[in-house]
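> Structure incoming, see below.
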Amino acid sequence: IKAASLMSESETERKSRKRKRTYEKEKPWDTDDIDHWKIDPVTKEDPLPPPTEESSFATLFPKYREKYIREFWPQVTKALDNHGLRCELDMVEGSMCVATTRKTWDPYSIMKARDLIKLLARSVPFPQAIKIMNDGMNCDIIKIGNIIRNRDRFVKRRQRLIGPNGSTLKALELLTNCYVMIQGNTVAAMGDFKGLKQVRKISEECMKNVHPIYHIKTLMIRRGLAENPDLANESWDRFLPKFKKKNVKRRKPRKIRKKGPYTPFPPPQLPSKIDLQLESGEYFLNEKKRLQKEREKRSQKRKEKSRTKKEKRMQEFEPPKERSVSRKKTIASQQDIESIKQRLKKKLQSEKPTSDASTFVLSKR
């Protein structure tokens with residue numbers, strides 16, 4: 001049995017080897033000058049077979065774009081007709097629709113047309129949006145409105161992405177080789193896949209409070225390094241800047257509320273207006289008595305208010321309190337006077353008196 005199993009294993013191995021060998025055979029038509037990654041362009045002269053079924057895409061546009069789209073719609077239909085596509089504009093519903101026909105010579109052109117109507121709805125001008133129909137051009141619509149909840153903070157960070165007089169946006173377009181349009185809650189970008197990836201990263205991180213100038217600086221350094229052929233096969237990490245995050249102290253709130261001990265039970269329900277009336281007995285009173293009670297409350301409040309105002313007015317006419325001279329101060333002042341008298345007496349005794357009148361006055365003192 002073992003011998004039979006070994007024989008069967010060897011046979012299966014041989015068969016698998018034979019299969020591999022058939023694929024490993026050299027093909028005479030497969031030469032080194034053939035580029036297997038090359039995508040052959042589809043032209044009107046060399047078309048692909050038309051689609052068997054109709055494919056369509058529709059998108060809505062805002063009301064403020066209605067006038068512009070209506071003005072440029074004949075040019076849109078003409079551009080899409082060259083690709084064998086059909087388009088419709090519904091002004092009542094506010095939508096644009098594109099669909100394939102039997103004349104469509106490139107089946108992928110419907111995907112490009114879908115991107116075209118999306119860009120037109122996102123306020124991209126028609127001369128720029130029509131470039132999406134070219135083979136090397138792609139687009140990406142980045143949603144930035146749902147990253148931040150605070151509206152004021154979102155507006156400030158979106159403005160940061162644009163920069164003063166659009167300088168940051170212009171630098172971003174030059175470094176990524178992409179067209180960027182910021183409108184409302186979205187960023188519409190057009191270019192190659194590499195540039196679109198960079199634009200998405202920068203715009204999303206800008207909303208997360210990372211300034212775009214840091215990314216622009218790294219892109220500028222990368223562009224300079226790419227021109228040097230000696231650094232083509234080396235790592236660029238040592239040349240790229242490393243930005244450290246700073247822990248900025250937050251403002252402390254004016255009123256710091258002290259939290260009580262945690263209780264899993266909810267707080268007791270506050271009594272309603274009817275409950276309070278039942279407790280006081282107002283609920284069982286007649287309408288007249290209830291109104292009378294309310295009037296009495298109002299009049300009482302008015303009287304209290306007028307009394308407090310009157311007291312404030314009367315405070316202005318009250319005389320200020322006199323400063324009470326302490327007993328210690330009076331004793332000290334009397335002692336000073338007596339010491340002065342004694343000094344004057346000694347002085348006069350040492351000197352000769354000028355007249356009898358002066359001696360009389362001093363003796364009296």
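Every residue gets a Cβ built from N, Cα and C, even glycine.
Pasting the relevant annotations from TrEMBL:
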COMPBIAS  23-47  compositional bias 'Basic and acidic residues'
COMPBIAS  246-260  compositional bias 'Basic residues'
COMPBIAS  298-312  compositional bias 'Basic residues'
COMPBIAS  313-325  compositional bias 'Basic and acidic residues'
COMPBIAS  355-365  compositional bias 'Polar residues'
DOMAIN    138-208  domain 'K Homology'
REGION    1-55  region 'Disordered'
REGION    246-272  region 'Disordered'
REGION    289-365  region 'Disordered'
> Same chain only, please: residues at least 6 beyond the ends of the region 'Disordered' (246-272) with a C-beta under 8 Å from a C-beta of the stretch. Say none if there are none.
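Contacts of the region 'Disordered' (246-272) (Cβ under 8 Å, skipping residues fewer than 6 from its ends): 279.
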> Grab the pLDDT values for the domain 'K Homology' (138-208) and give me their mean, rounded.
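The average pLDDT of the model in the domain 'K Homology' (138-208) works out to 92.
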> Just to be sure I understand, if DSSP states are collapsed into helix, strand and coil, how many residues of the compositional bias 'Basic and acidic residues' (23-47) fall in each?
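Going through the compositional bias 'Basic and acidic residues' (23-47) residue by residue, I get 2 helix, 0 strand, 23 coil.
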> Using DSSP, what's the helix, strand and coil tally for the region 'Disordered' (246-272)?
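Its residues divide into 0 helix, 0 strand, 27 coil.
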